[in-house]
Amino acid sequence: MVDKKLSGAGLRGQSAGETALCTVGKSGSGLTYRGYDVSDLADNTTFEEVAYLLFNGELPNQGQLDEYKVMLRNQRDLPDGLKDVLKLIPKDAHPMDVMRTGCSFLGNIEPETDFSHQNQAANRLLAAFPAIMCYWYRFTHEGVEIDCTTDEDSLGGHFLALLHGKTPSEQHRKVMDVSLILYAEHEFNASTFTARVCASTLSDMFSCVTGAIGSLRGPLHGGANEAAMDMIQKFSSPADAKVQMAGMLERKEKIMGFGHAIYSESDPRNAIIKAWSEKLAQENGDTSLYDISVACEEFMWDSKKLFCNADFFHASAYHFMGIPTKLFTPIFVCSRLTGWAAHVMEQRSNNRIIRPSADYVGPEPRKVSPINQR
Ligand SMILES: CC(=O)SCCNC(=O)CCNC(=O)[C@H](O)C(C)(C)COP(=O)(O)OP(=O)(O)OC[C@H]1O[C@@H](n2cnc3c(N)ncnc32)[C@H](O)[C@@H]1OP(=O)(O)O
Ligand SMILES: O=C([O-])CC(=O)C(=O)O
C-alpha cells in the first residue's frame, strides 16, 4: 500500500489530531484496528469481538466475550415510546433519517447523563440499531409489528432474522459478520470526524452519533453502496456496463463505489467483500450481477486507475442476501457506531474543543448603508 500524495481542499493531508484506534493506508498495511490487520480480524474474529476491541483496547477472552454478548442480547429490544415514534415515520422516508431519528429519540428517553455511562450508551445503541431499522421497515412496508428480540447469537444474524422474519443461513450470518467488521472503523473519515467535533464540545454520545449518521448519509461517503447498487442494476451485461460507464465518465459523472480520499491503489476491504459477493452469487445460481460488477471494476481501473472502495462489492453482496437497497447505508450505521463511539471516548479522554481557522476570502471591511439606499 503506497501513501497517497495528499494536498488541496477538504483538509486533505492535514493531521487533525491523534488516534490509537486505526491506521488507514499506511505503507505495508492497508487498514488496522488497534494494531490488528482488518483481514486478520475478518478471518479470525467476530463483530462483537471487534466492538469489544474498539471500546476496550484489547480483544476479549472467551469469558469476557460471552459476558459481553449476553449484555448486548439483553438490550436488543426497543422501548414502546421509540416504537411509537418509528411507526409515525412515513414509508417513503429515507431509512438513514429513520436511524438518525431513532438514535436521537433514544437519547431523549435513555440519556447519557454523565460520561461514566459512555460505554453503556454505546452498547445500547449497538444492540438496538438493528431493531430500529427493521421495526420501522417492516411496519411501514409490510404492516407487521415485529418482535424485536431473536435467538440469534450475533448482531449480524439478529439483523437478518429481524429483516426476513426467519432464521438466516450460516453463510449469510458469516457474510453479515464480516461486513460489520469491515465497516467498523476508519480513522478520521467524514462521519467519525463529525462525531469527534461534536464530542469536543463535551456533548453527549447520542448527539455525537446522530450527527455522524447525518454525515454518513451522503453519496460521497456511506451512501455510495446504495448508489452503486442503483447503477449496476441498470447495466444489462458486462459489455453494456463498460459502454455506459464510458458515457458517465465523458459526462464527468462520479461513479459511486470507486476512489478514495486516502487509499491510492486499492481499498483493502474490497478484496474481502468481493470474494464473499462471488460466493453468494454462486450460491444464488446467477452470477450476472457479480460479473457486471467485475466488469465495472476492470473498466474503472483501465480507464481512470480508480479502484473499488469498500462500498462497491457490498452492493451486490447485500443484494444477494435479499437486503433491500435502501437499507444498505443503515447497516453501515450499525457497524460504524463502534468506530464513532470509540472515537468519542478517545476525544473525551484528552479533549480540547476542535475549532480550526478559516482563510478569509470575503469583501474588505465596509459600512452598512441605510436600507433605502441599498
Ligand atoms: C466507505 C466510504 O465512504 S468510501 C467512499 C465512498 N464514496 C464514493 O464511492 C463516491 C465516489 N468517489 C468519490 O467521490 C471520491 O473518490 C471520494 C469522495 C471518495 C474521494 O474524493 P477525493 O479525495 O476528492 O478524490 P481524489 O482526490 O482521489 O480525486 C482525484 C480525481 O479523480 C476523480 N474521481 C475520484 N473518484 C471518482 C469517481 N468515483 N468517479 C469519477 N471520478 C472520480 C476526481 O473527480 C478527481 O478528478 P479531478 O482531478 O479531475 O477533479
Ligand atoms: O475513510 C474515508 O474517508 C471513507 C471510508 O472509507 C470509510 O469511512 O470507511
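Cβ atoms are placed via backbone N, Cα and C, with glycine included.
Pulled from TrEMBL, these are the features on record:
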| type | residues | note |
| --- | --- | --- |
| ACT_SITE | H260 | active site |
| ACT_SITE | D311 | active site |
Using the structure shown, find which entry in H260, D311 (the active-site residues) has the sparsest Cβ neighbourhood within 10 Å.
H260
For the C-alpha pair, I'd like the distance in angstrom between H260 (active site) and D311 (active site), rounded off.
11
